[in-house]
């Protein structure tokens, strides 16, 4: 089966991965194009990082192809906070600077696998595992992440746990994190 066979279904509008297929006769270069990864992201935020995605939302022609990219910019000591991609493995290449990267293996071991990377180094984050990056240099850092899905998804751990709507009950989080409920309430107030 060719790409255009999957990309096009005649007669009715069919969705694949939640997105409509397009008649191959109406496909244009713009369906396979994105411009923007050459631009530095604005890292003036709480985390000191900015992710610029190039996935199916930006490049419709990626639908069903199982790949995407992202540029990640980091201010000095900026972080890409702990998160997961529920539908993709990620391979990260450092273009500039020094990054401490890490992931945590699944239960029951919960091993923290970490390494400091320099320009040209590559590191893999297996699908679904919690992972992060931190710029450990005094200058800016830049990386490109390739992901094994056109729509990898992202679940930021702190946002999901402490910023959900409606909120997870404070007593549940207090028990899970083994802290006082006032600590949980204080953290939840930041989200």
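Quick reminder: no glycine exception, Cβ is built from N, Cα and C everywhere.
Residues annotated as oxalate binding site in TrEMBL: 80, 85, 90. If you take the C-beta of residue 85 (oxalate binding site) and look for same-chain residues 6 or more apart in sequence within under 8 angstroms, you find 125, 127, 128, 147, 149, 152, 153, 154, 155.
Taken from TrEMBL, the feature Mn(2+) binding site applies to 83, 85, 90, 131. Annotation for residue 131 (Mn(2+) binding site): same-chain Cβ neighbours under 8 Å, separated by at least 6 residues, are 82, 83, 84, 90, 101, 102, 103, 104, 125.
The domain 'Cupin type-1' feature in TrEMBL is assigned to 35-185.
Taking the mean position of the Cβ atoms of 80, 85, 90 as the oxalate site, the remaining same-chain residues with a Cβ inside 8 Å of that point are 70, 83, 84, 88, 92, 125, 131, 145, 147, 152, 154.
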